[in-house]
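Notes follow the structure.
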């Protein structure tokens, strides 16, 4: 069961002018399940993306980067079941063949198509199956296809992740709708994580390029489930310009700021949704590190806590085992950390309790308070390193029997 | 069940001249269980140690370092149940009080005693219970007390870890006996891991200081169970000089080399024993990274593989999910790694199979071969980075349901 993650409601997912989505059963993942999605963009749409840092980046990621560089993207094709990663030269050829097939179906050039794959690594993509599924996906294209698409891009996800926002720019309503998938192999610099966020705002390409990076850093690059970085992670920001709202060309403008805030807000929602649906997750944890010398140091400490299997299993057990949190902060690599100045709090949104100070347990701390908070489904660990003014937040989930079960059984 | 870890046999654990060990039930951990160990060293013994790098190092570690610096160590006291870590000024006072009680019992000065604690963090050491247990531990002191002591230092260990070696130096038999404990929170720079290795060789202090570091790097600092670094890790090397063999004062001598090899061999055995008894372990994995530019880079890649929960759960499932191994190598942080030059093998000591080359699965690889190897209890992942001549090995275990169970239930 995901942690406080609402199911999408079909009529609350708002169409984005200039975007049509269609899905099909292509039998790439398994029979009787939609595993192929097509997204068609109106001419003039602008697209920007950020991708995995893994040296074994998947073939579709390589092709995506190449096609994005030439601009003019008109379609996206997404398959589940096979990641097309660690597949060498044939993998690249298969990713290109997928783009060519989509281009032929929609009357485009192959370089106008972005390919995405997610699933098992090292297996070759059955392009014939993908091609055979395209007519059905094309036939299903519709502007209110987000509900079907957010289902069709899932792998080990237990539920779809999709949401919409609206803002008003120049008197015109601008819509943002996004969907994400991913439940494991999630950590900084993306993950087996796909995120697609489309808006009908009209945004200049340089602003869109900067915005996709900023939004990714504050959202998808601030989550972790298991510390593994996938080969296929991609976050794509689409601006069709079809809303009729005035073009945004100035990063200092109020319009840009308004759009930026909405994009970041939705991206954080989509990223947190992945953690809430983390493999085997029973708790949603926010690790907030303050008082660091710089943001990198705060992130380093936050990730040490968020990745510790001992911390994660203690949260699963609702056990306020503060020692494991302190130990993780202690080995995070801040070699001159003054543990006597460090303070740590546990909170659940209703109350916050000081648990550690002066190099040990806080004098005022009583275990009942910690135990009460640890029973909550949403828990914040906040630490003040007392070294400076920087801060960073990382979101993660606990580590349960089901994490092992899901990942030991994944291919069987 | 530990992986291929023989139970110690009492009469195969050889006494080390100049070392006596005694244990007692002090009710620090739980009733009816030996949780207090005392080790007494003959006058003139030399002692060297290496300790955790965790900033939250435990009080006994701080006191150990202080006492070791002044030399002349004559006794060690070890309790389980309470780690005396994250305990601030009172923790230091309690560690000192333990040393004082041991000193009083044995007619020593407090600075001649080294204290060790392992167990729950953030709880205060019940010094009164430790003191009350000392007479029984002192009364039990005997030269063949290794068998009892290796049981008494266990925490979540499922079995004791103790072994002996003998070499001949200058016509005299020299004995080495060591014991270790630890099963979780194990990673480089030590862990909730205690290791004690004693020999009756006569070794000059500077050689002993260098040898303890070298042996730790090749053994205890090359293992990982869960990536967590404990607050209390300590590895202690004792040389009593009581064998009557000639003194070793020259690092270039054959005698030193012979002793060095025996110490390193026994330290590796003791460190591997911890992995074989890793919490929930069902597989023993050797991660061998070759062809790196330097040893640090090889260790970095080896640890990325060894820490990946996805790799560890795949090994638990006996699933040759090579993609997870390649993904971990890919995100290890070697930013200019050429994935097309990388080669990876899986082996089990009987056969070795090339599994990846040219950026993907090896053409010659058939999954039955991988599946056959993955069924073994001992598996080697070997990778050639094709960048240089450096190499490093890390030992780890798989990640099972029982790891979660053990760590979610530890305090209850």
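Residue 1 is the first one shown; counting continues down the chain.
Cβ from N, Cα, C; glycine included.
Summarising the annotation, TrEMBL assigns active site, nucleophile to B:192. In the three-state DSSP classification, residue B:192 (active site, nucleophile) falls within coil.
Residue B:155 (substrate binding site) falls outside any helix or strand according to DSSP and counts as coil. Of all the Cβ atoms in the protein chains shown, 20 others lie within 10 Å of the Cβ of residue B:155 (substrate binding site). According to TrEMBL, the substrate binding site annotation covers B:155, B:181, B:192, B:279, B:407, B:412.
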Taking chain A as the partner, extract the recorded positions from B:155, B:181, B:192, B:279 whose Cβ is under 8 Å from a partner Cβ; order them by sequence and answer 'none' if none remain.
none
Measuring Cα to Cα, how many Å separate residue B:192 (active site, nucleophile) from residue B:181 (substrate binding site)?
8
Same chain, 6+ residues apart, C-beta under 8 Å of the C-beta of residue B:181 (substrate binding site), given in sequence order:
B:80, B:118, B:150, B:153, B:154, B:155, B:157, B:160, B:161, B:193, B:194, B:274
